[in-house]
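A.B. asks: My structure is below; once you've seen it, I'll send some questions.
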Amino acid sequence: MKKHGVLNSEIAAVLASLGHTDTIVIADCGLPIPDGVKRIDLAVEIGKPSFLDVLQVVADDMAIEKVMLAEEVIINNAEVNKEVEMRLIEPAFEYVSHKEFKEHTKRAKAIIRTGEATPYANVILHAGVIF
């Protein structure tokens, strides 16, 4: 049995398979998941697991080069935006329109769906390298 890091076998496999600049998405329970993109559905009820809890576990186990969020999060969910910025202090941040954000999800290796039910609690993580 695995002792550290991500215990979810699907998430661990996706993280292990990422190459430089590949992307994964951590999403609230309302973000549309495009056809053809791997869905890892963790949602068990509204709010569980939370977006921030899942983000923290994934971020602890992933080399992240860039973080992308919808610019709407700045006004519509300032608390989540602030927490993401505080937890992920090293990668570059990019804000795009929610429409553009959804277009970028079509190229993700996987979308991890949480139980989060607050607006724009979604992030695209671009894989970095460990050297």
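Easy rule for this one: first residue shown is 1, then count along the chain.
Note: Cβ is positioned from N, Cα and C throughout, glycine not excepted.
Below, the features straight out of Swiss-Prot:
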ACT_SITE  His20  active site, proton donor
BINDING   Asp28, His98, Tyr120, Ala121, Asn122  substrate binding site
A.B. asks: Just jot down the residues in the same chain as His20 (active site, proton donor), at least 6 apart in sequence, with C-beta under 8 A of its C-beta; none if empty.
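C.D. replies: Same-chain residues close to His20 (active site, proton donor) (Cβ under 8 Å, separated by 6 or more) are Glu65, Ala127, Gly128, Val129.
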A.B. asks: Give the maximum pairwise CA distance in Å, whole number, for the residues Asp28, His98, Tyr120, Ala121, Asn122 listed as binding substrate.
C.D. replies: 13
A.B. asks: Sequence gap of 6 or more, Cβ distance under 8 Å: name the residues on the same chain that satisfy this around Ala121 (substrate binding site), in order along the sequence.
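C.D. replies: In sequence order, Ala27, Asp28, Phe51, Val73, Asn77, Val80, Thr114 meet the Cβ cut-off.
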A.B. asks: What residue among the binding-site residues His98, Tyr120, Asn122 has the most other CB atoms lying within 10 A of its CB?
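C.D. replies: Buried the deepest by this measure is Asn122.
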A.B. asks: Return one of helix, strand or coil for His98 (substrate binding site), based on DSSP.
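C.D. replies: DSSP assigns His98 (substrate binding site) to helix.
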A.B. asks: Around Asp28 (substrate binding site), how many other CB atoms lie within 10 A of its CB?
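C.D. replies: Excluding its own Cβ, Asp28 (substrate binding site) sees 21 Cβ atoms within 10 Å.
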A.B. asks: To test your reading of the substrate site: which residues beyond Asp28, His98, Tyr120, Ala121, Asn122, same chain only, put their Cβ within 8 Å of the Cβ centroid of those residues?
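C.D. replies: Apart from the listed residues, the neighbours are Ala27, Gly30, Leu31, Leu69, Ala70, Glu72, Val73, Asn77, Val80, Phe101, Thr118, Pro119.
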